[in-house]
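See below for the structure under consideration.
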Amino acid sequence: MLLDTLLELAGGINNVTRILAPQGQVVLALKHPPHAPHLPDDVSLQSVLGEWQLSVQRTAEVSDQQLAAIGKAIAERQKRATLPYQTALDCPYRPQWHISPPQGLLNDPNGFIYHQEEYHLFYQWHPFACEHKDKYWVHLKSLDLVHWQWQSVALTPSDWFDSHGVFSGHAVSHQQDLWLFYTGNTRLGTERQRQTMQCAARMNANGEFEKLGPVIRCLPEGVTEHIRDPKVIYTQGKWQMLLGAQTLAHQGRLAVYHSDDLLHWHFDKLYGDELGDYGYMWECPDWFELQGEAFFVFGPQGIASANPHHTIEHQNRIFRATQNAQGEIALLQGWPLDEGFDFYAPQTAQTADGRRVLCGWMGLPDETQHPSCDQGWIHQLTALRELEWREGKIYQHPLRELDTLQSEPHTLLLSDTVTELKTKSFDLQVTLPWGCELRLMQNAQYCVTLTLDAENRLLRLDRSATQIRQGDTIRELKLDSPTVELRILADQSSLEIFINQGEHVMTSRIFTPLDATGISLHGASVDAKLYYMAPASAPFNLEVNV
């Protein structure tokens with residue numbers, strides 16, 4: 001059957017919400033059931049989980065180009081549908097200088113890269129509600145890594161290979177072109193069978209991204225449909241694609257492919273056996289070199305924590321790694337990148353002057369019940385961080401360009417007398433003795449506490465006395481330093497605590513009322529340096545809707 005005939009039976013392109021192509025079929029998902037009183041014998045109509053689907057066997061007459069034309073029509077309609085959701089809703093929890101979505105749900109940063117004298121950053125977005133569903137990519141640009149400008153909704157879940165979500169991936173700057181690699185997610189049938197393909201897109205002269213379709217359609221042997229989040233690098237004279245994967249034994253591993261042209265990929269092997277049973281799935285891989293060492297970053301899921309306060313299965317890790325002349329990868333030594341409540345799916349980019357800068361999602365996959373949901377949005381990205389490899393450790397430092405947002409320094413005496421900062425956007429730098437407790441974002445009822453437990457040499461972050469609705473409330477970090485040096489970046493509803501010059505970091509969403517701007521220190525009296533942080537440019541398409 002011709003595709004035009006099927007579209008006519010479907011009631012026209014405007015009645016088509018998705019296109020699928022499972023196992024030699026063409027399936028059109030419809031807003032409304034077709035009006036045709038009698039369908040041809042080779043066309044079936046069924047309701048699949050409340051969605052009407054019209055399907056027919058795919059013949060040689062139906063080309064990929066024809067399917068792509070339907071995908072483009074759906075994409076244009078999807079982009080128009082996001083326009084009302086590109087207006088930021090006013091909210092006391094909205095950050096002043098972090099990236100947040102105007103509405104809906106933000107998750108992983110994607111495609112973080114320096115290309116043709118500009119920084120590009122994308123993020124996963126579901127515009128219509130605070131839920132994980134049918135992911136889009138938002139495109140931002142910056143000249144300085146501080147002030148980000150909304151460019152477009154770059155990718156939408158419009159095609160047969162990504163109909164249920166444009167999942168995470170990375171960008172490649174090659175010659176004059178900016179390429180995007182991502183995982184296309186589809187769900188098929190009443191059992192919502194997952195089907196994943198690795199896909200590519202390329203930016204055209206108008207700054208729009210044209211999908212090139214799947215570049216890897218089939219699963220490698222021994223892997224489930226949970227294989228995603230491509231990271232593409234150029235090494236040893238060829239392109240390599242790194243993917244987070246799950247084996248048939250439900251163990252997380254790193255899947256590696258190679259290519260000569262970015263379009264045709266060949267599977268090499270799975271890596272990570274030396275870690276044994278290290279989670280049931282690995283997500284969001286990144287790979288980079290720093291001071292002559294190679295590093296592998298990923299999100300292992302299902303690792304048990306030794307601390308009873310840590311109940312979340314979604315973890316973050318960085319491993320020192322090696323790659324020999326044959327391309328074989330070995331994972332040597334690993335650590336958490338962040339010890340706080342809300343940090344996942346980080347990506348890194350190399351700046352124009354050679355620094356390695358990290359951006360993460362300040363959230364977790366299972367958290368969808370924050371107070372900001374009452375105002376129609378959830379989650380934000382972390383502050384950008386510079387990475388340093390020194391004395392066998394990874395150190396993280398706030399991006400130096402953030403200093404341009406700082407006020408003049410103020411000396412602040414921290415004591416048990418509450419000082420009103422009258423803001424939740426600041427940079428606090430202080431060295432504390434063991435045996436004291438710092439309270440932040442404080443009023444008579446709410447606060448977050450940072451306790452320096454002298455007996456156990458534990459730094460304890462406690463957000464149980466906040467408005468948090470979901471997630472853990474205590475994090476603990478073992479330290480052996482004689483004092484604890486802190487740099488705390490605060491922004492309305494978040495804290496990023498850099499400990500002992502960035503040897504450790506604790507990143508957390510902290511929700512307290514608008515008037516909870518007090519700070520106090522109990523058990524000691526110490527001078528601190530305080531900078532107020534000015535707002536960065538809003539990363540939205542339109543003005544804030546008050």
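Every residue, even glycine, has its Cβ placed from backbone N, Cα and C.
Positions annotated as substrate binding site by Swiss-Prot: Leu105, Leu106, Asn107, Asp108, Gln124, Phe167, Ser168, Arg228, Asp229, Glu283. Annotation source Swiss-Prot lists active site at Asp108.
Feature map: Swiss-Prot annotations on the structure.
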| residue | record | DSSP (3 states) |
| --- | --- | --- |
| Leu105 | substrate binding site | strand |
| Gln124 | substrate binding site | strand |
| Ser168 | substrate binding site | strand |
| Asp229 | substrate binding site | strand |
For this session: Compare all C-alpha positions of Leu105, Leu106, Asn107, Asp108, Gln124, Phe167, Ser168, Arg228, Asp229, Glu283, the record's substrate binders, and send over the largest distance in angstrom.
Result: 20
Problem set entry | Residue, out of the binding-site residues Asn107, Gln124, Ser168, whose Cβ gathers the largest set of other Cβ atoms within 10 Å | Ser168
Seminar exercise, completed: Asp108 (active site) and Gln124 (substrate binding site), compared by Cα position, are separated in whole Å by 5
Exercise. Given the binding-site residues Leu105, Asp229, which one's Cβ is surrounded by the fewest other Cβ atoms within 10 Å?
Worked result: Leu105
For this session: Starting from the Cβ of the residue listed as 'active site', draw a 10 Å sphere and report how many other Cβ atoms land inside it.
Result: 27
